[in-house]
Structure formats: structure tokens, C-alpha cells
Amino acid sequence: MRAPDFWRKDNAVSRLLAPLGAIYGWAVRRNLERAEEYRPAVPVICVGNIVVGGAGKTPVGIALARRLIAAGVKPHFLTRGYGGTEVGPRAVDLDRHDFARVGDEALLLAREAPTWVSRWRPDGAVAATEMGAEVIIMDDGFQNGSIAKDLSLVVVDGSYGFGNGRTMPAGPCREPPDQGLARADAMVVIGKDRRGLAELARAHGIPLLAARLVPGPEGADLKGRKVVAFAGIGRPEKFFASLKQCGARLTADHSFPDHHPFTRADIEALLAEAEANEALLITTAKDRVRLPADLRARVAVLSVSLDWDAPSLLTPLFDRIGVRA
């Protein structure tokens, strides 16, 4: 789904829908209060957000896993496998599973560390622990009360913040921001803070970890090159901006709904457009796993990684949960 414009800036429509948003936020709070938490035998780091889609949870989770692995700690990812049919608990096998089975995010995470798909998260946590996980990194699930979290990081896009600040359907928030931040241990802000997020973090007494998304090494080859870009992610404009940052010349850009299952017709039409413009067809790593397998080699990818402004700020957070990293 594409976010309506009024999710970014308050207007008459969002105000009209505000009572429904209040009910939604109340339901989230009630479910959390009534939930019976399962506490795994190992620490759980939740990488979540308050708004729907596009905050940057996956790069944050990958960055955390890489730091833990470098310190000799064995992290496992736990995800519900959004967009896939797998109920789990199931360990993701990159040789056997595709996005239709386990979801696109699980395929990206599994390149970095063992990854479990489980609709009922406690079952996935048990499986991960039995298979040697020393830390569980939970992808999303900040509003899920079925599993106890030892460290909760709320990921926020610096330019979007919490949109108009209202709860769905009146705004992009899964719950009122103040309600969510009251449970958070830290806020991760990706990109320049244009929404007063530092002040909000201070008001809630939590640290702010600033970070930015850095284009992968393949970006160096894009300078001056004509490209036709497409993406089906939460905020495709961020991907298009990254291409321009690399010096690419965007002949066209196409936005698809988040998690869009690309058809052969979709990609063949885009390939034809790129050929007609003597341009390179390019997408994101997350989108690539949803392309027809035999067409992937014809589509370039610009990857991104997370770069912390002050990596040392992670140390006290890890110390708090007894992890040396």
C-alpha cells in the first residue's frame, strides 16, 4: 500500500479519522498490557518502529549482527516472515526458500546470520536458542507482547519522523509516539534529523543513536550513467535519492507498493524502457529477491549499509544486557 499524503502532514482528513486512530492506539496498548510474555534464555534485541514501513529496520538489524559477530557473539534473527506463507518456526535456507515462502526481509537477514521465521515468536525464540543463538535480534515486533525484550530500539527516518503523529488510519503510526517511546531503550535516527527527534528522545530520557545509509561499492560505477530505477519498498524516494547521491542520471523512476511481488510482465516492461533509453535498469537488494529468478541477472542492484555516527554509543546498551560487543 502507498501512504496517503495526509499521513505526512495533518489535514482535515486526518483529523476526521482521528477517533478511529485513538481506538487503534488503545487496542495496541491493551493487547500489550494483557499479553503473557515468554522470556527466552538469551537476550532479545528488538529492532522495531512506530510508523508503518520504510524506517530502515533491516539495515539496523544487519549492522547490529555484524558488530556482534565481530565480537565473537552468535546472533540469530527472528522475524515473522511478512509476505511469506511459512508459519514456522523454520530456519531460512537460502538454497531452498524464496520470498513467497519466507518473505523478502528474511532472505536479506539470512545472508548475515541464522534466521528464523515464526509467526508465533516464542516458538522461534526456543528454536533459535536450541540451535546455539547467544543473542536474538528480533526484526520488528515492537508492538508484539508475546516475547520479552531486553533491549528495544525504535528506528525512525530523520526526514519523516512520525509523519503527522497520528495513529492509523489517521496517520502512519502503529501507536501514539509517546506511548511507544515510553517502552523504548533508544531511538535510532537514520539520516539528518529534520523533525525534532533529538528533543523528543531527551524528553523520554532515552539516548539517540544517529546513523546514515551508505551506498554500496557498486555505486561508484553509476556516476554519470543513465538509469531507470524502480523500487517496491516503504519509501522508494530514499532509494532514488541514493542513486542521485552516487551521480546516476535518472531517466525514470517507478514506485511500487511495499513488498510488491514483481511479475514477469512488470520486469519485461521495465527492461524494455531501459533499453529504449539506453539506460541501466536498477533496483534495491530487497526488491531483487522478489524478481522472477531468470530475470535477476538483467537488473542491477544498489545495496546500502548502515554507518553509525558514534558507534561507541552502542557499548552501554550492549553492556546493559550483558553482551560484550
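Glycine residues also receive a Cβ, built from the backbone N, Cα and C atoms like all the rest.
Not measured: the values here are computed from a predicted model.
Noted in Swiss-Prot for the protein shown:
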type: BINDING; residues: Val51, Val52, Gly53, Gly54, Ala55, Gly56, Lys57, Thr58; note: ATP binding site
Val51 (ATP binding site), number of other Cβ atoms within 10 Å: 26
Check: same-chain CB within 8 A of ATP site center, minus Val51, Val52, Gly53, Gly54, Ala55, Gly56, Lys57, Thr58: Asn49, Val155, Asp157, Gly234, Arg235
Same chain, 6+ residues apart, C-beta under 8 Å of the C-beta of Val52 (ATP binding site), given in sequence order: Ala3, Met168, Pro172, Cys173, Arg174, Gly234
Residue, out of the binding-site residues Gly53, Gly54, Gly56, whose Cβ gathers the largest set of other Cβ atoms within 10 Å: Gly56
Nonlocal residues around Ala55 (ATP binding site), in sequence order (Cβ under 8 Å, 6 or more apart): Asn49, Val155, Val156, Asp157, Ile190, Gly234
For Val51 (ATP binding site), the three-state class that DSSP assigns: strand
Count of other CB atoms lying within 10 Å of the CB belonging to Lys57 (ATP binding site): 24
